[in-house]
Amino acid sequence: MSILVKNNIHWVGQRDWEVRDFHGTEYKTLRGSSYNSYLIREEKNVLIDTVDHKFSREFVQNLRSEIDLADIDYIIINHAEEDHAGALTELMAQIPDTPIYCTANAIDSINGHHHHPEWNFKVVKTGDTLDIGNGKQLIFVETPMLHWPDSMMTYMTGDAVLFSNDAFGQHYCDERLFNDEVDQTELFEQCQRYYANILTPFSRLVTPKITEILGFNLPVDMIATSHGVVWRDNPTQIVELYLKWATDYQEDRITIFYDTMSNNTRMMADAIAQGINEVDPNVAVKIFNVARSDKNEILTNVFRSKGVLVGTSTMNNVMMPKIAGLVEEMTGLRFRNKRASAFGSHGWSGGAVDRLSTRLQDAGFEMSLSLKAKWRPDLDALELCRQHGRDIARQWALAPLPETTQQIAPVEETITCTAADLGPKMQCSVCQWIYDPALGEPLQDVAPGTPWNDVPDNFLCPECSLGKDVFDVLATEAK
């Protein structure tokens, strides 16, 4: 069944009420999802994206009921991931010569998934256009690392519809298609959850890319996403939220999460929260036991928070596995402008809290003092936990923006070479992040004073996660 989006544009996608796991099991889609595909019928007929591979046969059957497949003139693939382009093999078996418009990186991804290099690929770049008749064009905009290297958006003139790919979407299933028709609380919760868990690592790319798109001075009457609703009522509201979320976002909120073996660390978490509330009753404090909580809800709360307290019991001298896994995930999400403190209980030997503190610092958090308790905390120990909460509340609520912690030596004191000795600065050609040899990249164990030639080959750009081969000498230093 198709749904009219606007004029000659129809939704021909697939709802998935049952899906509960995405990206393996990394993202819990508790409200299902949809795979949005769009059919445009002008003088030329255009299909934008397909659906998840598990619905390939249904998709092609439904599409055939809408249009003779041989009448499809162009296929646009904004993103090569299987939930977008998964039905290509089934579709191209019917219309093998139909041109597929996508980015150069998408060809590599599509061939990697479908293994059909003979398909009729047409590479497009930012600013390229495709005439579809009736005075209308498609304009392509590359959006690398939002959230794959192959990503792009497609804008349709005349109808002023932006087919935005994953950006501005959400894993949210509803029989109604448009943003003004669905439950608004559910919608915006899922929008923020989607951004926090998927797009946060690329926040530094969001603002310049949105600015670039706005720079085309094109009207936007609708934003047609790849998942969830189509934004037809005040579509720029979600754009404004993205600009807000991309700027080191935080609320007056503290998240506490922990894992525990014998409830001892849970007791500490509760007492710390009590201490925070005593000093600052206005701050929102959320507590999660990771063994019983939705991981993505925890990460969304971390995204919203100004600080996080992480607790773990000690097991075999290390932290609990679920805590270790979640901290590793936070490292990949690259949260910014947030503080952290570790706490936990132990028996005959400790070790977990110290390791946890180190991992949180490696993940980019500004660290406050940690807290340890031996065995089950008694009344005196619980009072120490409450005092720790009071101290945290004062530090995080009243202090200015986080400063460099004492554990990290100031960069100025660690630099022993002059800039001239270290060679040129290098700039990522994709996201424009600059590697300064004088500063190094501590999160990847590249010490200050490391020339680019000595940076390990497995180095990844901290902003877009691409390798050394995309770096060029900074233009201002090139000879």
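Cβ atoms are placed via backbone N, Cα and C, with glycine included.
Since we're looking at a predicted model, the values are computed, not measured.
Copied from Swiss-Prot, the annotated features are:
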REGION    30-210  region 'Zinc metallo-hydrolase'
BINDING   HIS79, GLU81, HIS147, ASP166  Fe cation 1 binding site
BINDING   ASP83, ASP166, HIS227  Fe cation 2 binding site
DOMAIN    254-393  domain 'Flavodoxin-like'
BINDING   260-264, 342-369  FMN binding site
DOMAIN    423-474  domain 'Rubredoxin-like'
BINDING   CYS428, CYS431, CYS461, CYS464  Fe cation 3 binding site
Checklist entry - How does the domain 'Flavodoxin-like' (254-393) divide up by DSSP, counting helix, then strand, then coil residues? => result 65 helix, 36 strand, 39 coil
Next on the checklist: Please identify, from the binding-site residues GLU81, ASP83, ASP166, ASP362, the residue with the sparsest Cβ neighbourhood, meaning fewest other Cβ atoms within 10 angstroms.
Outcome noted: ASP362
Checklist outcome for this item: Students should find that the Cα atoms of ALA342 (FMN binding site) and CYS461 (Fe cation 3 binding site) sit apart, in Å rounded to an integer, by 28
Checklist outcome for this item: One residue among the binding-site residues HIS79, HIS147, HIS227 has the fewest other C-beta atoms within 10 A of its C-beta, namely HIS147
Checklist entry - Closest to ASP166 (Fe cation 1 binding site): which of the binding-site residues ASP83, GLY347, ASP362, MET367, CYS461, going by Cα position? => result ASP83
Next on the checklist: Tell me the Cα distance separating MET367 (FMN binding site) from GLU81 (Fe cation 1 binding site), rounded to the nearest angstrom.
Outcome noted: 37
Checklist entry - Taking the center of the Cβ atoms of ASP83, ASP166, HIS227 at the recorded Fe cation 2 site, which other residues in this chain have a Cβ no more than 8 Å from that point? => result SER33, TYR35, ASN36, HIS79, GLU81, HIS84, ASN165, GLY169, HIS171, THR225, SER226
Checklist entry - What count of other C-beta atoms do you get within 10 angstroms of the C-beta of CYS428 (Fe cation 3 binding site), across all chains shown? => result 20
Item to check | Around the Cβ of GLY347 (FMN binding site), the count of other Cβ atoms that are within 10 Å | outcome: 14
Next on the checklist: If you count, for each of the binding-site residues ALA352, MET367, the other Cβ atoms lying within 10 Å of its Cβ, which residue has the minimum?
Outcome noted: MET367
